[in-house]
Structure formats: C-alpha cells, structure tokens
2 protein chains.
Amino acid sequence: MITQATCQQLDQQDPLAPIREQFNLPPNVIYLDGNSLGAQPKAAIQRAQQVIEQEWGDKLIGSWNSAGWFDLPSRLGDLLAPLIGAKSSEVVLTDSTSINLFKTLAAGLKIQAEKHPQRKVIVTERINFPTDLYMIQGITEWLNQGYQLQLIDTTEELYTAINDDTALVLLTQVNYRTGELLDMQALTAHAHKHDVLTIWDLCHSAGAVPIDLNGCNADFAVGCTYKYLNGGPGAPAFIWIAERHQTAFTHPLSGWWGHNAPFAMQAEFTPTKTIRRALCGTQPIVSLALVEVGLSTFEQTNINAVRGKSLALTDLFIALVAQECGTHGLSLVTPTEHAKRGSHVSYMHPHAYPIIQALIKRGVIGDYREPQVARFGFTPLYTSYMDVWNAVQALKHILDNNDYEIHAPRNAVT
Amino acid sequence: MITQATCQQLDQQDPLAPIREQFNLPPNVIYLDGNSLGAQPKAAIQRAQQVIEQEWGDKLIGSWNSAGWFDLPSRLGDLLAPLIGAKSSEVVLTDSTSINLFKTLAAGLKIQAEKHPQRKVIVTERINFPTDLYMIQGITEWLNQGYQLQLIDTTEELYTAINDDTALVLLTQVNYRTGELLDMQALTAHAHKHDVLTIWDLCHSAGAVPIDLNGCNADFAVGCTYKYLNGGPGAPAFIWIAERHQTAFTHPLSGWWGHNAPFAMQAEFTPTKTIRRALCGTQPIVSLALVEVGLSTFEQTNINAVRGKSLALTDLFIALVAQECGTHGLSLVTPTEHAKRGSHVSYMHPHAYPIIQALIKRGVIGDYREPQVARFGFTPLYTSYMDVWNAVQALKHILDNNDYEIHAPRNAVT
C-alpha cells in the first residue's frame, strides 16, 4: 500500500527537488505535460530581456558578431551534446524537427543511392509521430523515383522489415503515444548489419532518457528542444550527424548559413566541412537564445540522475493508478519494463478525452491523444512525488464519481 | 546648397517623426542599417514578457489554443497582407526565407513539369542575394533532372533571358547590394507572356516600398521580417502564394502543420486547402510573436507615406554626399531614378571597408558588402533628416582627414 506519506518522504529524499524552484509553475497546477511543452525556466525572462534590449536594442546589427548570434546554433549544440552522447562538433540547433528530418532523409537517400541504387524502401513504425511519416511521404512522392514508405506495426517486426532492401530506417526513440522506448543500440546494430542508415527522432527522449548516439554508432538524429529540454514553445530543433558522415551529408536546403564562406557572397554554393552544413537560413535568435536557459538547467545534475527519478515517478504513477483506480477500466498502454519505457505514461479509456478535460479543470494537466489515449508526462526537474499522489487522487475522484461530461475531442498540440 | 537648417526643417515638417519614439535607439548612434536588422520597437519587451511569463509560464500547453499560438502564422500573415498587396488568405509567417524559397521552387518546378516538361531553366540575377542562388543550386543539383540555373548580368537582359525555355524566374525586388528596385509589374507581365512562373524575393522591399503582388498578378513571393518590418533578429519569414495557385502548390516539406487535420494524427499526409499548406513544422513562438509588434507599427501610417519619406531621405543623402564628399572617389552604385531605387544607398570605394569601420567608430552604423561597397539603409519609421546630415558630416570628416585604417574586411551579416 502506497500512502501520501510515502510520497512526501520520497520528495524529502529527492536530490533533484530543489531544481523545481527554478521553474515558473503556476500555483494549484500539477503539470504532467512537460513531454509536450516543457515548463518555463524563471531565467528565461532575463535572457529574453538581455537579447531584446541589450543585444538587439542597444548593439543592433553588431550583435551578430559581438553577442555571438551567428554562432548560437553550434554553441547550443555544444551544450546539448553531452545529453545525447554526441561530440560537440556533431550537433547544431536549427529550424524545426520536420525540416531537419527532411535534411537527414535527403542526405541519407543520396548516400544510399550511390551505394545501393536498388534499395527503395524507407522503414518506420505506423505509430510514429505523424510528421515523421509525412516527411517521408513528402520526399518519396516528390522524388518520384520509386521510393516507398514501409509502415511496421510491432517492434519485433522491425527486425525482419529492416533488411537488404532497406535504404533508410527512421525511428522515434520514445513513442509520443505509447511512451515505449526502443532499443537504439540493438536496432542500429541490426540496421548496420544490412548496411541500412538510421535516423533517430529524439523528440520524446532528449532530456529524459540517457542517449548515447556515438555509443550506438547511430548515423543521424533530430529532435526538439521544447519538451524535456524546456527551450520554450516551438524552440528551434537539433540535428546530429555522426562525424563519419559529415563529408557526404548533402541536402537541397543549401542556404547561406551552410556555406563554407557565408560572408564572401560567392555565387557558387560550397558547403562548409563542419556540422554547420546542416544549417540553411537565418535563425530566429530570440527563440534560439532561450534554449540556452533550458539546457543550462541540466548542468546542475546529470542525465542518469534525471532518468532514475523519471523511472521512480512513472513506476509510482503506474502503481498508484492500479491501487487507487484499478476498477475503472483504464488500460495501461506504456510498457512496465524499465528498458522499454520513456518518461510518460499512457492509458486507453473509452472516455479518455472527457477524463483529461475533467482533470485539467481540477488543475491536473495531462493530455489526450487520438485514439482514446490519456497521456501523463513526468519531468524529473520539476515534477514531485506528491504531484503524482495528488494527480492520482484527482483521477480517482473523477472516476469514482463519473465526474466528467462525455463529449468529442477538440484540437490539442503534441 | 543643402544646409543643416534645411534638414532640421524637414524633420519639423515630417508627419512620421513621432514614430521614432516607439523604437529603442541607443543615444549617440545614427543607425543606417535597418535594411539589415530593423531597430527594436520598445513594445517588443512587453510582448516577450507576455509570451514568456503569462502564455508559456502560466498557461503552459493551453496557450497553443488560448493564446492562439497555432494560428500565429496566419494571423500575422493577415497583418502583413496590406503591406505587400496580398489577400489575408494568401500569406503566412513561417520558417526562414531560404526554406520558403525552397517551397516555392519545388512547387513551381512541379507545376511547370506537368505543363511544360521540356522547360529546364531557372532564371535569376547573378547579383541576387547568394542564398537565392544557393537554394536554386541545391534543388537543381539534388533533383538531377537536367534543371539549370541561368545567371543574368543586367536587368535588360532579363527580358530576353525569360523566354519559352524558362520554367521559373526568381527575382529579388530590391537588390541587397545595389539597392536597385526591379519593375515587378513589367517583369511579371513579361514572364507570363511566356508562361513562366515568377518567385519574388521581397526581403529588401517589404515595409519600405509599396508592393502590389496581386496588382502585378505575381505567382509566389517570400521575404523576411527582420529588416524594414522590425520583427527582431532572424524572425520567421513569410511566404505568399497567389490564390489561383494554392491548390497546385505542393512541396516535399509536408510537415504536420500543413496537414488538413493536424490533430487527427492520421498516417497519411493530406495537405490543407488553405495557405497553411505552406507550413511545415512547429514554429518558434517567441520570435514569431515579436513580429506582431514590428508589423503593428505600420498601422499608424501607410506604406505610401513611408515610401515618400524613404525617397526624400535617400535623395537627401545622395545630394549631400555629392555636395560634401564629392571629390573623394565615392562611386554611386544605386540608381538615382525613383522608380529604380529601394530604401538603401550604396557607394563603391576602394577603401569602403575601413571607411565603414571608421563611421561605426563615430556612431554612424552603415555596413560593408563585398566587393568594396559601403551601404546605408534609410528606415522612414525612425531615421530623421538630421541623421542624414550628421552621417554625411561624419563621412566627410573621415574622408577629408583620411581618418581610417586600411585593413581587410571581416565577417558581417546581411
């Protein structure tokens, strides 16, 4: 039997607990949606003032050099690198996840077209986040060279689907809906056995799960910075290219920021030899600068400590829901095995949408995902064990009393 | 003879003069680089606080709907529309200019490939901003379908170069280096006579020159918001698609924001029928929201009043430089004819780079562009006639006294 006292004690013993104070969290809200939009670090407002008033306002055009605006994509890449097992020369922050997916797909197809021109299949999971599917669909239809998108239904089937006919495999490490964590090491090794290039989407894992891109010998990766990395709404994404692929990494988004000599104003595009060849056009500096604040928070701890608390929080939530709401028809979607779980927990329920709405009304913010999925994210930097207790009590109250109005889902954002 | 008193009088009679107070301009600085990075509207800081503390911090994930984050690209497009002669349903703010160029190039090539499969030439000017050339180069090389980039050396030659072999023409309305303003009406009409689709890059004209995209019957346009529109460093760009082309506008950057039902999480990409099909992934909300502040400034005046003052400022600058610095070897690059001039003025000089550095040291911020070009931008919302007087006096002092150190150019940003 887990009690409120158990949760209070866990908070008292939690070495990460003090970090919560660095976030602006509204009173009377239990925020279990940091897997969709990370909370606001208090320091973000000072950084915004600095960028807007001092860098933009006072120093004007000079800030491209003096405030290091032009170098921000690589400087923030250096800050992110340790969280994803990257070298600092391998990752930049830029553009959106979708755009970065396009770059990796384009570069990957090009490399494979030269090596294995007969390979026409791009493998991914049917339950991958839709934009991943759409970007594959976009590039294959547009190229019109016989490329096919192959959608796989189970993790096990991935191992047979990835074979000598496969050009690329694009996988999201933690699924946005189920919370399942894929085995990056094993899947990458399997892909490489068949000379298949891997693109890893880290949107739902970066900042929550220890990632070792180089340890796994991965090829390319992308991800967003506005979920567990707390970079701010829609903050620029990242793109990682393994060092060994950088010379061959070519894509058609050859904007001037990826040029070898961007200020020489040459008529001919010559890509830089560095990771900056993944850049395209001018970046949104205010949004980009704010990511630094989110990333800096991680310097006070380490990703293994974050992962430890994440597993403790999700374990606790699963156990408490079973204990308190066990008879109410919630069906756990997320794997219980630690090695297969990210940092959010999902349940199916025929009334998942109205239940989530009722929870939000009571200050417990989770979210709804089609079809019939109630999703709860646990962000160790600012979620407490008592948050878990209180959230489950609210859920129990709603379910015990049928305290929700049944109606159809409205829009929500990942 | 133009005197200081003339300039003072012009300021006293200037109906736009009071708007300058709404910008954060450092004391003792004459800012003639708003054509590269527009100055900071004072209201930007309050808007940033609102987005960061209230929308992100307090309302968290709910702000995607309640603060209208998801609708920002189209809402800001509506604000921009009157400045460029667009309908509000034709323009969105999103991504970078380079990325938006790619979308228009991809869509344009696709339309023409179906209509005129033998046409393989994309025409542009050799002196176009490099990223425009690079994006054409990127898409043609990557497609590897025989497309060629044709670089034209003079405006007159454009009329012969754009012919029945041409698929697309990509032109920048105001050249970043020379300040020359192209005749959008005539060039578009000429292109259409040959069934050529036009892409207009409005980076150096939007917010400075009255633009009538629909009046010119243009096809596609892109542009940035951080120059004359004062949206902030690297703020998201815009993309305009003439209504008649929207159904046929397809591009491979088919991210979820362009989906017909983005929240239904469907596996299949079905583009929305609206201008939002030009969107791809999640947008950087803080940077995007700040563009509203820059655009709102224009609601206090109208683009014709802005243009009138712009021409008066550039006329005055050209006349004063001739009067005060006439013997110092400055060679005017910018056309003197009003119909051919944007809102910046450029001179060639063998020591253009050190001269610009010496001006900056004295608080007069212009910029240098390869090769040997000193460039001065005039932004009617906050540049005064006395700014022009003082800038020319500083230039005169530097030239009269050879008060600059000759050295090679360093990096700068457009």
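FYI, residue positions are counted from 1 along the chain as it appears here.
The backbone N, Cα and C atoms fix where each Cβ goes, glycine too.
All TrEMBL annotations are machine predictions without curation.
Quick look at what TrEMBL annotates:
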- B:Thr97, B:Ser98, B:Phe129, B:Pro130, B:Thr131, B:Asp132, B:Thr172, B:Asp201, B:His204, B:Tyr226, B:Trp256, B:Thr282: pyridoxal 5'-phosphate binding site (BINDING)
- B:Lys227: N6-(pyridoxal phosphate)lysine (MOD_RES)
Near chain A at Cβ under 8 Å, of the listed recorded positions B:Thr131, B:Thr172, B:His204, B:Lys227, we get B:Thr131
Integer Å distance between the CA atoms belonging to the residue listed as 'N6-(pyridoxal phosphate)lysine' and B:Thr131 (pyridoxal 5'-phosphate binding site):
16
B:Thr172 (pyridoxal 5'-phosphate binding site) to B:Lys227 (N6-(pyridoxal phosphate)lysine): how many Å between their Cα atoms?
14
Between B:Thr97, B:Thr172, which of the binding-site residues has its C-beta surrounded by the fewest other C-beta atoms within 10 Å?
B:Thr172
Which one of these binding-site residues has the most other Cβ atoms within 10 Å of its own Cβ: B:Phe129, B:Trp256?
B:Trp256
In all the protein chains shown, the tally of other Cβ atoms within 10 Å of the Cβ of B:Thr131 (pyridoxal 5'-phosphate binding site) is 27
Within 10 A of the CB of B:His204 (pyridoxal 5'-phosphate binding site), the number of other CB atoms across every chain shown is 29
How many other Cβ atoms sit within 10 Å of the Cβ of the residue listed as 'N6-(pyridoxal phosphate)lysine'?
30
If we check Cα distances from the residue listed as 'N6-(pyridoxal phosphate)lysine', which of the binding-site residues B:Thr97, B:Phe129, B:His204 wins as closest?
B:His204
Farthest-apart CA atoms of B:Thr97, B:Ser98, B:Phe129, B:Pro130, B:Thr131, B:Asp132, B:Thr172, B:Asp201, B:His204, B:Tyr226, B:Trp256, B:Thr282, residues recorded for pyridoxal 5'-phosphate, distance in Å:
30
